[in-house]
């Protein structure tokens, strides 16, 4: 029998996919989700039909119904188990974590993966918990007011009931911990000294001890389970709440992508730790009270000396933890900066490679890492000292108490001493909880203060009014709008832009892909006194110079700006096409549908009017082709047309088009304008922002913007009659068109990255198939299986300094354990000597009374050895902490630098197939594990594992039978551990891998806020975030529960060793000295908790090593491109002098599994020439640029520059001699000067000269900081046109002999473009200039024209020759462009 089941599984591209039998599709946030049918299995479930509205069943116990059902001791398994077995667990199953047993057993039979793992319980999912958090916060605000509302109280209320149960279990744990040592063990020892005792009584005592230890184990395990599940719920609620607050804004200017990742990985985890570990304070306090009372009754007032030593640990632990948190705060600042720079470098890797900036940027990141490492060492040293202090403090406290007690000549016998030590055992365990609890609470407190800003953040002000007049679509009345901040303080104090110098006070524009065009960094309003009325069905044309406020006008309609005065009114639904297209990871169809229903006829019509048919035929899988992160394998024109198709398919009433025709050639531009804008959108209201003036005469209304004001408004004929600036622009356009026979502001052709990858099938056939194509662009992230290989540990040890260093660390840990055990043995030996007046004698039926050790004549000697041992233990512990901290941080830094250098040296094909979010997961999430968690767990594992071995050796001294039984139990435990750790490893790996799609989703959401809001997909993106968060939380909860599942069972089995020792003490070892019996029983009581802790921390340590495994996996994937410098080969002095470029039978393909894109190119470009490169989509023109920079290596043939084969020299030697002006303008965070001259190779005067040549001097001079004006992430505080001008200034400053201009003036108005062309001719005089798909005026002025087709040279001659040549392809392109002007 089969049943319907839905799974949401994260995939490598940042979305969710399934693996199973497809039943149906569901579009959410541009990604596809499936419903499956699976055979009955452990997690099969019955299909549940939705209940009719208003008939939802009310649980009999209200909100506590599910929790109270858990109190039923045994609950029969339902016929169809719930998706999460925890929901149907009874009390016994819950306490023993037995609900997880079927899944653990299944891991032995078959492979665990996303399909076989049950989904997260609805009680733990984001939906339910974020609603509860919202409700609790609203209640808090209604009671106390917004100013006095406490997030901490909301947190406490969120977990109040569960906290009460946790406290009850903690008290049970404390009572059970004291019951055995104080009441039962003395009876067992007393029984062992009797000659004739009741056997049943003795066995009963031993089993009573065993039972009390089992109760202790169960109560402690249950307490952890409650805390972990509560923390998962709060984590889900907090994450969803923050994301909902973040995404409600249509533009976010106060948080960058790196900072967003840092918040959702850092602060959210701090809150998780606070909820999970904070309740341990209750156990610690209860332990302190119980131990103080019991110790006083055993030994008297001197017991408080030991208690005082433990009490001193608490403020010491708090102090050290606060120091660690403070150091961690400073470390986080540097870490955030490193992650931000890494994110930008990976995003702009193509530009960095073409400009040979790898070494300087690698040095910047390595310097940040070096600074981060120093802070990590400070933080790690405090953490390590805290950990070691808590391990040795019981020994030191015991030594101080014994020394003072004996110095006061107070009575102390073996029975009194070990009863006292047994009483302190509980405090010994509880003291380990102090730093965990204090750190969790301290970190969560600071996270709460930062998170409170999300709570207190008011919703954005929606100023757009709905018009009542149905004849009007848009109305501006005296509207003045600005980009001033609307959501200050949204991120934590460590991440604020102003404090980190990322943005100045005036930088208040959105950081997404909108690209507002007004003058950046201006403190005044960007739009002044706008008065505008657009009738319904009207096409409004918007023109103006670069930075005049055109894009800001659209942003004002989208409610992304701040309305200072006046009003804005809209009537009808909106569609928006941004200047820089926003693409969702997935396939083309998903991007166009954007969650809408698939209508084939309408879909085909949209493809036709947006001129996508031919592109889909060229793409390997048609519209099902995966287009990668940010549309990596598409040209700018293809991305723009997909964005336009999305808008047209959405069928809205008002269309906001931000220069959509700038990224397409003349033929395509004319087709889109005629078929899409004029025909398909007929009857719709269209606001068309454009630099292509030839289309404005078809607009019903035209406005000309200048400095944020409407300087001209009317129809085309009206404005021409006024003979104002608009008329001058049009006349200039026609004058140039007449003189050159052609004037076009659109591009000749566009740049594809998947050139010539044509299918034999037709478009219609490609649209009929729904099968997911294989061999897609984005590589699926491979997850290792099974246990970690020795190779992982070997590489980590090598990174740490080698095996010699590891042996030194191991020696120090062995010494710590030896001194700890020696302290126990020496005290036992000392007690055995008694008063020294009577010789040691064996027990012969009466309890041995060796007298008061304070009366021993050699008291000073025993005290000296005991005290020196404690001092030596402290010194060794401090030295061990220092060395361990240095070594572990050296290892993580070495792995970081090695990975980064390897990734940096990868070819571009690597970055085309690996999402940036996945790489950031390595440099952020995985590295954080190596820096923060792995050192803590590995140090604890070393100490505890050696301690367990030492305890077993001591216990074995009592009897070889105990050793035999202990060995058998330990072997069983080891086999048990090895069998089931596979499942635990799978859970941890899945949790690690599930972070990548979550990161990608956050990045994608921040980049596309405008489109998300305008298409009404906010709820879809929130839902997807919740699904991704629930997937991660599910794996995290299963990992935590599985470690507790194994730890509990191992602890129960080690309790059997305690039972065995008790039986042997009671019945079998009368010849053993009494003091050694007592010592053995006291030590073995620590074995159960120590052994399970060793196993659990061992699992945690191995889980943290999966981060090393992932880093090594990426290192293995990284195949370096050619060396930067060739040994034994150097470029001629002053090369290249002429700039002559020769292609000789050149063949090229992008990757091994892709078609050839350049076929036998034979071409000679003479030095100092300007060559225009044109051709249709897929012709291979952009591939020439890739070949010239050796971003792709040749299959055959070669390229010569001034007679030098470019493959015979290093990449840096080649690329440093070339310059590029890219199609997509790239600016990095920093200053304007940094973006133009990142490494201070030019003077300020030279930079100002370059800015003057690109007509930016006036704009930059307005800023108070001039060249040191800050640039936010992605250059978000500059318009796209301004970014283009800065990129041109960068190339001018570089002054190379060969220049590649790749569609560099697409987003610049025609007047500025004319000036820029003059600048390029003057600045690059004497250089070889290759102009790919530039405006036709520039191509006509070139010395030669190269026409590409199907990866071959079709034509190459002077423009005037090609224009007159019959049948010339260039002439046909010119004719098409000319017709677009008519």
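Each residue, glycine too, has its Cβ placed from N, Cα and C.
Quick look at what Swiss-Prot annotates:
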- 1141-1375: domain 'ABC transporter 2' (DOMAIN)
- 838: N-linked glycosylation site (CARBOHYD)
- 844: N-linked glycosylation site (CARBOHYD)
- 1-163: topological domain 'Cytoplasmic' (TOPO_DOM)
- 185-194: topological domain 'Extracellular' (TOPO_DOM)
- 216-270: topological domain 'Cytoplasmic' (TOPO_DOM)
- 292-296: topological domain 'Extracellular' (TOPO_DOM)
- 318-383: topological domain 'Cytoplasmic' (TOPO_DOM)
- 405-417: topological domain 'Extracellular' (TOPO_DOM)
- 439-806: topological domain 'Cytoplasmic' (TOPO_DOM)
- 828-863: topological domain 'Extracellular' (TOPO_DOM)
- 885-930: topological domain 'Cytoplasmic' (TOPO_DOM)
- 973-1049: topological domain 'Cytoplasmic' (TOPO_DOM)
- 1071-1074: topological domain 'Extracellular' (TOPO_DOM)
- 1096-1382: topological domain 'Cytoplasmic' (TOPO_DOM)
- 164-184: transmembrane segment (TRANSMEM)
- 195-215: transmembrane segment (TRANSMEM)
- 271-291: transmembrane segment (TRANSMEM)
- 297-317: transmembrane segment (TRANSMEM)
- 384-404: transmembrane segment (TRANSMEM)
- 418-438: transmembrane segment (TRANSMEM)
- 807-827: transmembrane segment (TRANSMEM)
- 864-884: transmembrane segment (TRANSMEM)
- 931-951: transmembrane segment (TRANSMEM)
- 952-972: transmembrane segment (TRANSMEM)
- 1050-1070: transmembrane segment (TRANSMEM)
- 1075-1095: transmembrane segment (TRANSMEM)
Stretch with greatest number of CB pairs under 8 Å, the transmembrane segment (271-291) reference, 297-317, 418-438, 807-827, 952-972, 1075-1095 candidates: 418-438
Stretch of maximal Cβ-Cβ contact with the transmembrane segment (384-404) [cut-off: under 8 Å; candidates 195-215, 297-317, 418-438, 931-951]: 297-317
Contact yes or no, the transmembrane segment (418-438) and the transmembrane segment (1075-1095), 3+ Cβ pairs under 8 Å, gap 6+: yes
Average model confidence [pLDDT] within the topological domain 'Extracellular' (1071-1074): 67
Secondary structure content of the topological domain 'Extracellular' (405-417), with strand meaning DSSP E or B: 7 helix, 0 strand, 6 coil
The topological domain 'Extracellular' (185-194), counted residue by residue under DSSP: helix, strand, coil: 9 helix, 0 strand, 1 coil
Surrounding residues of the transmembrane segment (952-972) on its own chain - C-beta under 8 Å, 6+ positions past either end: 821, 824-825, 1053-1054, 1056-1057, 1060-1061, 1064-1065, 1068-1069, 1072, 1076-1077, 1079-1080, 1083-1084, 1087
Intrachain residues whose Cβ lies under 8 Å of the topological domain 'Extracellular' (292-296), provided they are six or more past its termini: 178, 182, 303-304, 306-307, 420, 423-424
Residue distribution over DSSP helix, strand and coil in the topological domain 'Cytoplasmic' (318-383): 62 helix, 0 strand, 4 coil
Helix, strand and coil totals (DSSP H, G, I; E, B; other) for the topological domain 'Extracellular' (292-296): 5 helix, 0 strand, 0 coil
